[in-house]
Amino acid sequence: MLSLTMLLLERVGLIIILAYVLMNIPYFKNLMNRRRTWKARCQLCIIFSLFALMSNLTGIVIDHQHSLSGSVYFRLDDDVSLANTRVLTIGVAGLVGGPFVGLFVGVISGIFRVYMGGADAQVYLISSIFIGIIAGYFGLQAQRRKRYPSIAKSAMIGIVMEMIQMLSILTFSHDKAYAVDLISLIALPMIIVNSVGTAIFMSIIISTLKQEEQMKAVQTHDVLQLMNQTLPYFKEGLNRESAQQIAMIIKNLMKVSAVAITSKNEILSHVGAGSDHHIPTNEILTSLSKDVLKSGKLKEVHTKEEIGCSHPNCPLRAAIVIPLEMHGSIVGTLKMYFTNPNDLTFVERQLAEGLANIFSSQIELGEAETQSKLLKDAEIKSLQAQVSPHFFFNSINTISALVRINSEKARELLLELSYFFRANLQGSKQHTITLDKELSQVRAYLSLEQARYPGRFNININVEDKYRDVLVPPFLIQILVENAIKHAFTNRKQGNDIDVSVIKETATHVRIIVQDNGQGISKDKMHLLGETSVESESGTGSALENLNLRLKGLFGKSAALQFESTSSGTTFWCVLPYERQEEE
């Protein structure tokens, strides 16, 4: 029995080593995070089927005299049995992928075991199917909670799976005496080894994914800090003064030896190692930067020669260079240098790729703000709604609070905030957008607001598909929804409903409606709302005034903002031409 245990431990060790190697491959880790999709399930079926086939092939042959032999077997004699790690691989397949994956791997493993032959080979097809279904059931329960079974629970399930195997041997074998004799030899070693192996396999999966999640949380926290501190300088545009401050902030927050920012032609700032010859106002020295400016793609190098600095005593040995874009055109680069090539890891690359998008958006935001100040002759443009700084910083603070609690939710909100910014930038340059884009902007805004005040607002959007390509002014619905959230409900914590709908007004016009069940508008302010700024504890009402001016400027006085208000709620609406976006 001890010899069998040691031989089984060798087989389990091989499985565990392969599991560890797989879980350190980024593609496989991403596959685990997408395990509920059918594409991922099919891929998991293939991977775990290979594990199961290997378990069968590397089993330990046991004859009637209890002699043990271990090798790679494709076919077995009719009077021998096989002890292996098949139950481990089928069980883990079910725990990870659910019933479909567990059943599939169980059937494949069982069929191959029957093909190999041996005493009562059909028994192992039956037991494999049972094990796959039962393990898949426990896996499905964990999936519904968006978790994996705990290590202790995985070990207990491994024990149960092996007991099912032993019960199947006893029940379905033709020679009961031989079955009892076989079970007395293999039961304890296989139960112990395969249950421990199942627990270790699952612990590798859980710990690897948890480590990645913690890494993402740290990255998100670092990115948020960078965004908070660099945003004011990016808004000034890409010049020497702002670039110097940005480079200092990045170097202080990230483990890099030097940071440089360039325009398309010259070095704007260089902070850290190599600053004696990488001097601002000089022409770009490195061939690496020139390559990135030409190709528009991020580049990573790990030698001095690849950096391409001509100075003989340059201490820089590795670098990652990020192109900075504005409206699709390259305007400069952000470069992070390392004096030790080993300091440039996968984490730094992932962080750099994220910063590239964020910094480019911030540059566009700053450029849009600069341009808006210069458009003195464009009345409608000057009335476009702008991103509220209070909303931005409140959103950043909310995401920061979520980073340590729920990093995945924080990541989702960060993407919503990015989409919100981009939509605002696009809206500031357009007279009209489709209703579908406007609703997407509203949903991004609501995601951020509902993260700050969970469960406080109920938003109902009732818009038929045929109206989704109707052209509307940017921020039309967002401003009305935001107005309801800020002013309609005072301190009421629940039961706050906002309804957004679009209905047909005439054959050529539609009515857009935003309705709330708040406290209503006081009579002394009703005649002023939308016509002039209205002072209140939570705002001036200028957003509604600007919106009304834009509506009338674009579509005439008939499109002016209208409303009705009682103590049980307020309804805003406007009637717009049924103009649709032309198909390209």
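Note: Cβ is positioned from N, Cα and C throughout, glycine not excepted.
Predicted, not measured: the structure shown is a model, and the values here were computed from it.
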Looking at 92-112, 239-259, which one is transmembrane segment according to Swiss-Prot?
92-112
Transmembrane segment range according to Swiss-Prot, out of 154-174, 469-489
154-174
Contacting positions for the transmembrane segment (2-22) when only residues 6+ beyond its ends and CB under 8 Å are counted
28, 47, 51, 54-55, 58-60, 62, 68, 70, 83-85, 88-89, 185-186, 189-190, 192-194, 196-197, 200-201, 204-205
Three-state composition of the domain 'GAF' (311-363), taking helix and strand from DSSP
21 helix, 19 strand, 13 coil
In the same chain, which residue numbers or ranges, 6 or more beyond the ends of the transmembrane segment (121-141), come under 8 angstroms Cβ to Cβ?
76, 86-87, 90-107, 109-111, 113-114, 149, 153, 157, 160-161, 164-165, 168-169, 172-173
Within the same chain, where does the transmembrane segment (186-206) have neighbours whose Cβ lies under 8 angstroms from its own Cβ atoms, ignoring anything closer than 6 residues to its ends? I mean 6 or more beyond.
1, 4-5, 8-9, 12, 15-16, 19-20, 23, 32, 62, 81, 83, 85, 87-88, 91-92, 95-96, 148-149, 151-152, 154-159, 161-163, 165-166
